[in-house]
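Here the structure comes first, spelled out in structure tokens, and everything after it is commentary.
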Amino acid sequence: MNNNTSIIILAAGLGTRMKSKRPKVLFELCGEPMIIHILKQAYAITNDVSVVLHYEKELISKKIKEIFPQTKIFEQDLANFPGTAGAIKGVNLSGEKVLVTCGDMPLVRSTDLMRLANAEADVVMSSFEAANPFGYGRVIIKNGKVEAIVEQKDASEAQLAIKSVNAGCYCFKREALEQILPLINNQNAQKEYYLTDAIKIANEKGLKCVAVNVNEQNFMGINDKFQLSIAEKIMQDEIKQNLMKAGVLMRMPESIFIDSRAKFEGECVLEENVSILGECVITESIIKSSSVIESSVIKNSDIGPLAHIRPNSEISDTHIGNFVEVKKGVLNGVKAGHLSYLGDCEIESGTNIGCGTITCNYDGKAKYKTKIGKNVFVGSDTQLVAPVNIADNVIIAAGSTITKDVESGALAISRGRQENKSGFFEKFFGKDDVKK
């Protein structure tokens, strides 16, 4: 970790091209807001991280503080100091070096940032060789030093042929930035203070400016929802490739979605169209086709197909079949084969849950818990009206509605007694409808 470096993340923009009331940096990639992705990379190299906000400052700040409470938050004075350099004017600079990056670059890695921080120069900028440089500021390099960044509209024919372009991240020696920042003005068409002007000013003051060549994909900026989808696919591909190399078997991996916070242990199998959402931990388990797992722990179990495990469930040594939904359930050694809702429940080993079983956990005002002991047989089409406790070694007859606790060893049955009325079909429909 480099504690001599401060990192400033710029996240004050409106993000109008996202066409949403939601702040751009709170749009999620692989389950987490893009600002959180870049903060994770920043904190991998330093403890001194600041974020500059403006639009929806409180909302973004709240999300940041939930995960990184030590982050310093500053608000940009957009009325008086718009632009990328204007954002930095309100930040208390610290650290021997100041690294500036953007909150809408969620694919940037800590190794990329370290390369900028470790380069020996007064001003370090990031650049990449663009296959199609149209629209980018061209980086003019002479004798290994950056002389200028020339915008597309201002570039000569010779400069337009240059493929080295500005990637948008910078690292300054603090003393150099303190010299340069007051000299950046807003004498341009947009009347904004641009950090790109720092290169020209640094050269005028005889400071050393260099460029570090970076991976274009890692420095991709997100400006609209199409670019968001591209970035998410890049991140998904990387997550899945790493997991498969670590031993996770995936059927049709291109159809699978995995949250960036999910963890896998041992040998696991994910079939097609599976979604793993939130902070899941999955150990030695099979997740079958079209199942959704949310923020739960799955161990030594097979889930699905077409099952839904909702948040805060803990499932071990258990079979969950098709069209079974579990919410806040703790299941250990259980079989629930099909068509059941198991919410707010604890079910112990050896218990079989019949088709169509429902734990009725909500009375319209509050949620209640169902507890089922060991070696219980729950017949099909059973409703368990919580709060209710089922002891060990119990049989619950099919079609029962259980509203009271059941003691160990008992048969619980709650349904009308069957009565067969001979000849009723003919009496009801008539002789002509009786088929021989």
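Placement of Cβ uses the backbone N, Cα and C atoms for every residue, glycine included.
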Among ARG415, ARG417, the candidate listed by Swiss-Prot alongside ASN361, TYR362, SER380, ALA398 for acetyl-CoA is ARG415
The correct DSSP tally for the region 'Linker' (226-246) reads 20 helix, 0 strand, 1 coil
Whole-number Å distance separating the Cα atoms of TYR341 (UDP-N-acetyl-alpha-D-glucosamine binding site) and ASN361 (acetyl-CoA binding site) is 10
Those recorded positions from HIS338, ASN361, TYR362, SER380, ALA398, ARG415 that fall inside 10 A of LEU10 (UDP-N-acetyl-alpha-D-glucosamine binding site) by CA distance are none
Check: min Cα-Cα distance from ALA398 (acetyl-CoA binding site) over binding-site residues LYS24, ASN166, ASN223 goes to LYS24
